[in-house]
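A short worksheet on the structure shown next.
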Amino acid sequence: MNHWIIAPVILPALLAPFIILVMRHDLSLQRIFSTIGTAAIVAISLVLLYTASTNPPEVYFLGNWDAPFGIVLVLDRLSAMMVALTAILALIVQLYAIGSGWDARGKHFHALYQFQLMGICGAFLTGDAFNLFVFFEVLLIASYGLMIHGGGAQRLKAGVQYIAYNLIGSTLFLFALASIYAVTGTLNFADMAVKVAELPPGDAALMRVGAVLLLLVFAVKGALVPLQFWLPATYSFAPGAVAALFAVMTKVGAYAVIRVYTLVFPTDTPATGMLFADLLLPAALVTLAVGAVGVLGASGLARMVAFAAIGSMGTLFIAVAQFTPVAMTAAFYYMIHSTLATAALFLVVDMVQDRRGNDTLRGSLPPMAQHGLLAALFFGATIAMAGMPPLSGFLGKLLVLDATRGPDMALIWSSILVASLVTIVGFARAGSQVFWKAHATTTTLEQPPSKSEPLAFAAIFALLAALAVLTVLAGPVTDWLADTTAELFDRTAYINAVLPVGGR
Amino acid sequence: MELLVASAIGLMTACGTYLVLRKRTFPVIVGLAMLTYAVNVFIFASGRLAIGLPAIITDGATYSDPLTQALVLTAIVISFGMTALIVMMALGSFLTTGEDYIGMDDDAKPAAKPAAKQEGDA
């Protein structure tokens, strides 16, 4: 049994209380230990990624109890990829938080950050539905703390609304789990997959109810219309660094959908069939439209980026909803891209907000410190986000379009292309308003007070560099992702790894 | 007994849903508490209702499902903690902003919660 599998969960779980107990009064110690911890998770996750890509799915039995009686963590290519993506993003965002001084604007930033990492990594690794609920709660409770980090009336209000929304989501999750447990008598993903496949027809109705409730929960997390209402206010009022980390939180929802609805409820299940694809696709198309319209109509930069994030979730779910290997590969590529691009954009917007004091798109304000550099970074990040060449957003959308065949092809192609156009127009309008018009109104030539934040800029450059690498290495990456998809759709390998061979 | 438990869960869920859709934090929190009570009983019932049976296998023939009891315990702990957290947050928000509406009322940032749209009694 490879004990490193649990390290991305255990390490932050131990580090966070250590930070609170030992170094709560010393910010620089917190910074050092927290960064070392996150860097260690990056290293571990890369080792795990290598292990997963050379070996079949590996299982970690907690307490050495056999599945399905004990809880299992499963390391396969998909979970390893998501953990590595989370860790890398977390390290970059943490450097930004340190460089921009966000972690000094309130208490316990680093401890909460580690708890957040623990929850996200755990949610990606777990092979048990109830354990997934627990890790969701861990990542949510940490995110509540991070979201209101720094305080302020508006942020607190948005925080209450965010918590209320997610508490309802948690309750729904429990209802879904209980219904599924009532039918299958198990909560282990692999065991559920076996039980669902041989379900007596009489139980199909209750099974469908439970499965659709579960889909609703993941839709809340993944900000799928009509359950996306929590996202714009949360992301736009959260501290910039936190919003950038939250870019991976919506992906937890997408990951859960991919995991559960390929493993437990594949499209050839008699009880459910194409039900989830039929529910997901229209919702994803509307999500894309809402995101694009929101980008065009937003009154502030942060809110605009939040809507762009919603739109990217729409594109992602369009690819996922087809449940074909080709589309899933495209979805994975787009998922990596949109996580990095959303984070980069939130960080740039945070810099603008920090220098201007607000991020309004109405009226024009004088130039700010490092105006040209910020404008260039915004330009680069929006090109990636909107899906224009030459960055990976373009390739991602191209892969999604290319994977789309069949009766819905015309609808999906036109939706994605029109939404991209609207998004580009929205970004162009915002960019000209914030960066270009600033020069039109200045009468004096005096320079704005300069502000040196080398670490924060390095973090944004690192994200954009990661996007560039993702673009340049698109070929090898998609080949690797195609293998990941193949492993994902090979359910028997996963089930045999988790359950004792020979079945029960 | 099935009818009693089922109608209790249904009634609590209905009340909870109604309260959650209100605009002020207090009814919303009470509604959330109602929903968590309902879901706790629901999880319990998902292991089948049984009276007077132990949660361990003694004579091998009859026992009640022990797993749902463990699940309910976890759910109770989590929901209790979350309810405490949202009470503190709502209090903090009320003391800072001086009002306890849940929606965002700033006209630049329209209400982002569906509850605000579904209710007319502002």
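Note: Cβ is positioned from N, Cα and C throughout, glycine not excepted.
The transmembrane segment annotation in TrEMBL covers A:32-52 (among others).
Positions annotated as transmembrane segment by TrEMBL: A:78-97 (among others).
Residues annotated as domain 'NADH:quinone oxidoreductase/Mrp antiporter transmembrane' in TrEMBL: A:128-421.
What TrEMBL records for A:132-150 (among others) is transmembrane segment.
TrEMBL lists A:162-184 (among others) with the feature transmembrane segment.
According to TrEMBL, the feature transmembrane segment maps to A:204-225 (among others).
Nonlocal intrachain contacts for the transmembrane segment (A:237-259), taken as residues 6+ away from its ends with a CB within less than 8 angstroms of a stretch CB, comprise 78, 82, 85-86, 89-90, 93-94, 96-97, 100, 102-103, 105, 113, 116, 120, 123-124, 132, 136, 139, 143, 146-147, 149-150, 154-155, 157-159, 189, 215, 218-224, 231, 280, 302, 305-306, 309, 313, 316-317, 320, 328, 331, 335, 338-340, 342-344, 346-347, 349-351, 353-354, 488. Taken from TrEMBL, the feature transmembrane segment covers A:237-259 (among others).
The annotation transmembrane segment is assigned in TrEMBL to A:279-298 (among others). If one looks beyond the transmembrane segment (A:279-298) by at least 6 residues along the same chain, the residues whose Cβ comes under 8 Å of a Cβ in the stretch are 212, 215, 219, 223-226, 228, 232, 257, 304, 306-318, 320-322, 361, 408, 411-412, 415-416, 418-420, 422-423, 425-427, 429-430.
Annotation comment: TrEMBL describes A:305-325 (among others) as transmembrane segment.
The transmembrane segment annotation in TrEMBL covers A:331-352 (among others). For the transmembrane segment (A:331-352), same-chain residues at least 6 beyond its ends with a Cβ under 8 Å from one of its own Cβ atoms are 78, 81, 85, 89, 92-93, 96, 100, 102, 235, 239-241, 243-245, 247-248, 251, 254, 258, 301-302, 305, 308-309, 312-313, 315-316, 319-320, 359, 368, 370, 374, 377-378, 380-382, 384-385, 391-393, 395-397, 399-400, 434, 453, 456, 459-460, 463-464, 466-467, 470, 474, 477-478, 481, 484-485.
Annotated transmembrane segment per TrEMBL: A:373-391 (among others), in sequence order.
Taken from TrEMBL, the feature transmembrane segment applies to A:411-428 (among others).
Residues of the same chain lying 6 or more positions beyond the ends of the transmembrane segment (A:455-474) and with a Cβ under 8 Å from any Cβ of it are 88-89, 92-93, 95-96, 98-100, 333, 336-337, 340-341, 343-344, 347-348, 351, 370, 373, 377, 380-381, 384, 390-392, 395. The annotation transmembrane segment is assigned in TrEMBL to A:455-474 (among others).
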